[in-house]
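According to Swiss-Prot, the Zn(2+) 1 binding site annotation covers HIS103, HIS105, HIS180, ASP202, on the basis of similarity to another entry. As annotated by Swiss-Prot, Zn(2+) 2 binding site applies to ASP107, HIS108, ASP202, HIS247.
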Amino acid sequence: MTDIRLYMLQSGTLKCKVHNIKMNQGNGADYEIPVPFFLITHPAGHTVIDGGNAIEVATDPRGHWGGICDVYWPVLDKDQGCVDQIKALGFDPADVKYVVQSHLHLDHTGAIGRFPNATHIVQRSEYEYAFTPDWFAGGGYIRKDFDKPGLKWQFLNGAQDDYYDVYGDGTLTTIFTPGHAPGHQSFLVRLPNSKPLLLTIDAAYTLDHWEEKALPGFLASTVDTVRSVQKLRTYAEKHDATVVTGHDPDAWANFKKAPEFYA
(Lines of atoms letter the chains of each structure in order from A and count residues from 1; the text may use other names and numbers.)
(Lines give C-alpha, C1' and ligand atoms only; values in the text may rest on other atoms or scores of the structure.)
Protein backbone atom coordinates (compact mmCIF):
# COMPACT_ATOMS: atom_id res chain seq x y z
CA MET A 1 0.00 0.00 0.00
CA THR A 2 1.24 3.49 -0.86
CA ASP A 3 1.81 5.82 2.07
CA ILE A 4 0.07 9.18 2.12
CA ARG A 5 2.80 11.75 1.61
CA LEU A 6 3.19 15.32 0.38
CA TYR A 7 6.18 16.14 -1.80
CA MET A 8 7.06 19.76 -2.45
CA LEU A 9 8.72 20.31 -5.81
CA GLN A 10 9.86 23.27 -7.87
CA SER A 11 9.51 23.90 -11.57
CA GLY A 12 12.29 26.44 -11.96
CA THR A 13 11.88 30.13 -11.25
CA LEU A 14 10.45 33.29 -12.76
CA LYS A 15 12.56 36.42 -13.13
CA CYS A 16 10.49 39.56 -12.71
CA LYS A 17 10.37 42.77 -10.67
CA VAL A 18 9.38 43.17 -7.04
CA HIS A 19 6.33 45.20 -8.07
CA ASN A 20 5.06 42.27 -10.17
CA ILE A 21 4.68 40.35 -6.90
CA LYS A 22 4.17 43.13 -4.33
CA MET A 23 2.09 45.95 -5.75
CA ASN A 24 3.80 49.38 -5.87
CA GLN A 25 6.87 48.13 -4.02
CA GLY A 26 10.53 47.61 -4.87
CA ASN A 27 11.29 50.71 -6.98
CA GLY A 28 11.90 48.56 -10.04
CA ALA A 29 14.23 46.10 -8.32
CA ASP A 30 14.74 42.66 -9.82
CA TYR A 31 13.11 39.67 -8.14
CA GLU A 32 13.29 35.93 -8.72
CA ILE A 33 10.52 33.72 -7.42
CA PRO A 34 10.17 29.94 -7.13
CA VAL A 35 7.49 28.07 -9.08
CA PRO A 36 6.27 25.36 -6.70
CA PHE A 37 4.12 22.35 -7.42
CA PHE A 38 3.08 19.42 -5.27
CA LEU A 39 2.65 15.65 -5.37
CA ILE A 40 0.38 13.80 -2.96
CA THR A 41 0.87 10.05 -2.92
CA HIS A 42 -2.15 8.04 -1.86
CA PRO A 43 -3.25 4.38 -1.98
CA ALA A 44 -6.24 5.39 -4.12
CA GLY A 45 -4.00 7.08 -6.70
CA HIS A 46 -1.71 10.08 -6.67
CA THR A 47 -2.45 13.79 -7.14
CA VAL A 48 -0.37 16.47 -8.82
CA ILE A 49 -1.26 20.00 -7.78
CA ASP A 50 -0.58 22.47 -10.61
CA GLY A 51 2.61 21.07 -12.14
CA GLY A 52 4.43 24.39 -12.44
CA ASN A 53 5.74 25.67 -15.76
CA ALA A 54 5.14 23.75 -18.96
CA ILE A 55 8.31 21.94 -19.98
CA GLU A 56 8.22 23.69 -23.36
CA VAL A 57 9.53 26.90 -21.78
CA ALA A 58 12.79 25.11 -20.95
CA THR A 59 13.74 25.23 -24.63
CA ASP A 60 11.62 28.01 -26.17
CA PRO A 61 10.20 30.40 -23.57
CA ARG A 62 9.07 33.11 -25.94
CA GLY A 63 7.74 30.66 -28.49
CA HIS A 64 5.51 29.06 -25.87
CA TRP A 65 4.55 32.05 -23.73
CA GLY A 66 4.87 35.00 -26.08
CA GLY A 67 5.08 38.59 -24.90
CA ILE A 68 4.49 37.84 -21.22
CA CYS A 69 8.16 36.82 -21.19
CA ASP A 70 8.95 40.55 -21.13
CA VAL A 71 7.47 40.63 -17.62
CA TYR A 72 8.03 37.09 -16.29
CA TRP A 73 11.04 35.24 -17.67
CA PRO A 74 10.97 31.50 -16.92
CA VAL A 75 14.17 29.75 -15.88
CA LEU A 76 13.69 26.02 -16.28
CA ASP A 77 16.10 23.16 -16.96
CA LYS A 78 15.09 20.42 -19.38
CA ASP A 79 14.84 17.87 -16.56
CA GLN A 80 12.64 20.08 -14.34
CA GLY A 81 9.30 19.34 -15.96
CA CYS A 82 6.76 17.84 -13.59
CA VAL A 83 6.63 14.47 -15.33
CA ASP A 84 10.39 13.95 -15.20
CA GLN A 85 10.58 15.04 -11.57
CA ILE A 86 7.82 12.65 -10.55
CA LYS A 87 9.48 9.81 -12.46
CA ALA A 88 12.76 10.62 -10.70
CA LEU A 89 11.01 10.01 -7.38
CA GLY A 90 10.12 6.52 -8.57
CA PHE A 91 6.45 7.10 -9.37
CA ASP A 92 4.69 6.05 -12.56
CA PRO A 93 2.81 8.89 -14.33
CA ALA A 94 0.08 6.34 -15.08
CA ASP A 95 -0.64 6.13 -11.34
CA VAL A 96 -1.58 9.81 -11.10
CA LYS A 97 -5.34 9.85 -10.56
CA TYR A 98 -5.90 13.60 -10.27
CA VAL A 99 -4.33 16.76 -11.60
CA VAL A 100 -5.79 19.48 -9.40
CA GLN A 101 -5.54 23.05 -10.62
CA SER A 102 -5.45 26.03 -8.29
CA HIS A 103 -6.09 28.11 -11.40
CA LEU A 104 -4.96 28.16 -15.02
CA HIS A 105 -2.23 30.79 -15.16
CA LEU A 106 0.78 29.84 -17.21
CA ASP A 107 3.09 28.95 -14.30
CA HIS A 108 0.58 26.44 -12.91
CA THR A 109 -0.43 24.42 -15.98
CA GLY A 110 2.61 22.22 -16.47
CA ALA A 111 0.80 18.98 -15.58
CA ILE A 112 -2.31 19.28 -17.73
CA GLY A 113 -2.59 16.49 -20.27
CA ARG A 114 0.69 14.85 -19.26
CA PHE A 115 -0.69 12.09 -17.03
CA PRO A 116 -2.70 9.62 -19.12
CA ASN A 117 -5.18 8.43 -16.49
CA ALA A 118 -5.74 11.69 -14.63
CA THR A 119 -8.96 13.55 -14.02
CA HIS A 120 -8.30 17.30 -14.06
CA ILE A 121 -10.11 19.16 -11.27
CA VAL A 122 -10.63 22.91 -11.63
CA GLN A 123 -13.18 25.55 -10.78
CA ARG A 124 -15.69 25.93 -13.61
CA SER A 125 -15.46 29.72 -13.40
CA GLU A 126 -11.69 29.56 -13.89
CA TYR A 127 -11.92 27.20 -16.84
CA GLU A 128 -14.48 29.38 -18.59
CA TYR A 129 -12.58 32.60 -17.88
CA ALA A 130 -9.33 31.13 -19.21
CA PHE A 131 -10.83 30.88 -22.69
CA THR A 132 -12.10 34.48 -22.71
CA PRO A 133 -10.00 36.47 -20.24
CA ASP A 134 -10.20 40.23 -19.91
CA TRP A 135 -7.56 42.24 -21.73
CA PHE A 136 -5.35 42.79 -18.67
CA ALA A 137 -5.27 39.07 -17.84
CA GLY A 138 -4.90 37.55 -21.29
CA GLY A 139 -1.13 37.15 -21.19
CA GLY A 140 -1.37 34.95 -18.12
CA TYR A 141 -3.33 32.21 -19.89
CA ILE A 142 -1.61 30.00 -22.47
CA ARG A 143 -4.52 28.27 -24.16
CA LYS A 144 -2.46 25.46 -25.66
CA ASP A 145 -1.56 24.38 -22.11
CA PHE A 146 -5.16 23.58 -21.15
CA ASP A 147 -7.15 23.38 -24.40
CA LYS A 148 -6.11 19.84 -25.29
CA PRO A 149 -8.20 17.03 -26.80
CA GLY A 150 -9.21 14.02 -24.79
CA LEU A 151 -8.82 15.48 -21.31
CA LYS A 152 -11.12 14.39 -18.52
CA TRP A 153 -12.30 17.40 -16.51
CA GLN A 154 -14.17 17.65 -13.23
CA PHE A 155 -15.57 21.10 -12.51
CA LEU A 156 -16.19 22.61 -9.09
CA ASN A 157 -18.70 25.39 -8.60
CA GLY A 158 -17.32 27.97 -6.21
CA ALA A 159 -19.17 28.41 -2.94
CA GLN A 160 -21.71 25.78 -3.97
CA ASP A 161 -19.31 22.91 -3.36
CA ASP A 162 -16.61 24.67 -1.36
CA TYR A 163 -14.34 22.51 0.81
CA TYR A 164 -14.57 19.64 -1.65
CA ASP A 165 -12.89 16.51 -0.28
CA VAL A 166 -10.99 15.07 -3.25
CA TYR A 167 -10.34 11.59 -1.82
CA GLY A 168 -13.29 11.47 0.56
CA ASP A 169 -10.98 10.86 3.52
CA GLY A 170 -9.88 14.39 4.40
CA THR A 171 -6.42 14.15 2.81
CA LEU A 172 -7.00 16.93 0.26
CA THR A 173 -9.63 19.64 0.60
CA THR A 174 -10.21 22.48 -1.86
CA ILE A 175 -10.91 26.02 -0.64
CA PHE A 176 -12.48 28.50 -3.06
CA THR A 177 -10.31 31.64 -2.96
CA PRO A 178 -11.13 33.92 -5.90
CA GLY A 179 -9.34 37.22 -6.40
CA HIS A 180 -5.96 36.53 -7.94
CA ALA A 181 -7.96 34.73 -10.63
CA PRO A 182 -11.76 34.47 -10.85
CA GLY A 183 -11.73 30.75 -10.11
CA HIS A 184 -8.70 30.39 -7.87
CA GLN A 185 -8.69 27.69 -5.21
CA SER A 186 -6.31 26.83 -2.38
CA PHE A 187 -5.85 23.52 -0.57
CA LEU A 188 -5.65 21.97 2.87
CA VAL A 189 -3.54 18.81 3.05
CA ARG A 190 -3.97 16.53 6.06
CA LEU A 191 -1.32 13.88 6.63
CA PRO A 192 -1.16 10.98 9.09
CA ASN A 193 1.79 12.22 11.15
CA SER A 194 2.19 15.95 10.41
CA LYS A 195 0.34 19.16 11.08
CA PRO A 196 -2.07 20.09 8.30
CA LEU A 197 -0.52 22.18 5.55
CA LEU A 198 -2.44 25.03 3.95
CA LEU A 199 -1.31 25.60 0.37
CA THR A 200 -2.46 29.13 -0.36
CA ILE A 201 -1.05 28.96 -3.90
CA ASP A 202 -1.56 32.42 -5.46
CA ALA A 203 -4.24 33.56 -3.03
CA ALA A 204 -1.14 34.72 -1.13
CA TYR A 205 2.04 34.98 -3.19
CA THR A 206 4.15 35.88 -0.18
CA LEU A 207 3.97 36.31 3.57
CA ASP A 208 3.51 40.05 2.93
CA HIS A 209 0.17 39.24 1.33
CA TRP A 210 -0.68 36.79 4.09
CA GLU A 211 0.07 39.40 6.75
CA GLU A 212 -1.87 42.08 4.83
CA LYS A 213 1.20 44.24 4.25
CA ALA A 214 0.93 44.26 0.45
CA LEU A 215 -1.40 43.43 -2.39
CA PRO A 216 -0.18 41.06 -5.09
CA GLY A 217 1.19 42.64 -8.22
CA PHE A 218 -1.45 40.89 -10.30
CA LEU A 219 -5.06 40.29 -9.39
CA ALA A 220 -8.46 40.03 -11.01
CA SER A 221 -10.37 41.50 -8.05
CA THR A 222 -8.84 43.43 -5.17
CA VAL A 223 -11.82 42.92 -2.89
CA ASP A 224 -11.99 39.18 -3.54
CA THR A 225 -8.22 38.88 -3.08
CA VAL A 226 -8.32 40.52 0.34
CA ARG A 227 -11.34 38.56 1.49
CA SER A 228 -9.86 35.26 0.34
CA VAL A 229 -6.77 35.88 2.47
CA GLN A 230 -9.03 36.63 5.43
CA LYS A 231 -10.91 33.39 4.76
CA LEU A 232 -7.66 31.42 4.64
CA ARG A 233 -6.30 33.01 7.80
CA THR A 234 -9.42 31.96 9.68
CA TYR A 235 -9.24 28.46 8.18
CA ALA A 236 -5.55 28.07 9.02
CA GLU A 237 -6.16 29.08 12.62
CA LYS A 238 -9.11 26.70 12.91
CA HIS A 239 -7.04 23.75 11.68
CA ASP A 240 -3.70 24.80 13.24
CA ALA A 241 -2.21 24.55 9.77
CA THR A 242 1.28 25.36 8.54
CA VAL A 243 0.93 28.00 5.82
CA VAL A 244 2.70 27.53 2.49
CA THR A 245 2.50 30.66 0.33
CA GLY A 246 2.62 30.62 -3.44
CA HIS A 247 5.85 32.26 -4.61
CA ASP A 248 7.78 33.52 -1.59
CA PRO A 249 11.50 32.86 -2.14
CA ASP A 250 12.34 33.32 1.54
CA ALA A 251 9.49 31.28 3.03
CA TRP A 252 9.78 28.52 0.39
CA ALA A 253 13.39 27.90 1.40
CA ASN A 254 12.23 26.73 4.83
CA PHE A 255 10.24 23.72 3.60
CA LYS A 256 11.49 20.21 2.84
CA LYS A 257 11.81 19.56 -0.89
CA ALA A 258 11.61 16.29 -2.77
CA PRO A 259 12.96 13.67 -2.40
CA GLU A 260 12.21 14.56 1.22
CA PHE A 261 8.51 14.60 2.06
CA TYR A 262 5.86 15.26 4.68
CA ALA A 263 3.87 12.27 5.95
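The chain as shown is numbered from 1 upward.
Just so you know, glycine gets a Cβ as well, placed from its N, Cα and C.
Because the structure is a prediction, the values reported are computed rather than measured.
Sequence features, as recorded in Swiss-Prot, placed on the structure.
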residue	record	Cβ neighbours (10 Å)
HIS103	Zn(2+) 1 binding site	29
HIS105	Zn(2+) 1 binding site	26
ASP107	Zn(2+) 2 binding site	29
HIS108	Zn(2+) 2 binding site	29
HIS180	Zn(2+) 1 binding site	29
ASP202	Zn(2+) 1 binding site	26
HIS247	Zn(2+) 2 binding site	25
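Cα to Cα, HIS103 (Zn(2+) 1 binding site) and HIS247 (Zn(2+) 2 binding site) are separated by 14 Å. The Zn(2+) 1 site is set by HIS103, HIS105, HIS180, ASP202; from the centre of their CB atoms, other residues of the chain with a CB within 8 Å are SER102, LEU104, HIS108, GLY140, ALA181, HIS184, ILE201, ALA203, GLY246. Between the alpha carbons (Cα) of HIS105 (Zn(2+) 1 binding site) and HIS247 (Zn(2+) 2 binding site) lies a span of roughly 13 Å. On a Cα basis, ASP202 (Zn(2+) 1 binding site) lies 10 Å away from HIS108 (Zn(2+) 2 binding site). Those residues of the chain, other than ASP107, HIS108, ASP202, HIS247, with a C-beta within 8 angstroms of the mean position of the Zn(2+) 2 site C-beta atoms are VAL35, PRO36, ASP50, SER102, HIS103, HIS105, ILE201, TYR205, GLY246. If you measure from the Cα atom of ASP107 (Zn(2+) 2 binding site) to that of ASP202 (Zn(2+) 1 binding site), you get 11 Å. Counting only the Cα atoms, the space from HIS247 (Zn(2+) 2 binding site) to ASP202 (Zn(2+) 1 binding site) is about 7 angstrom.
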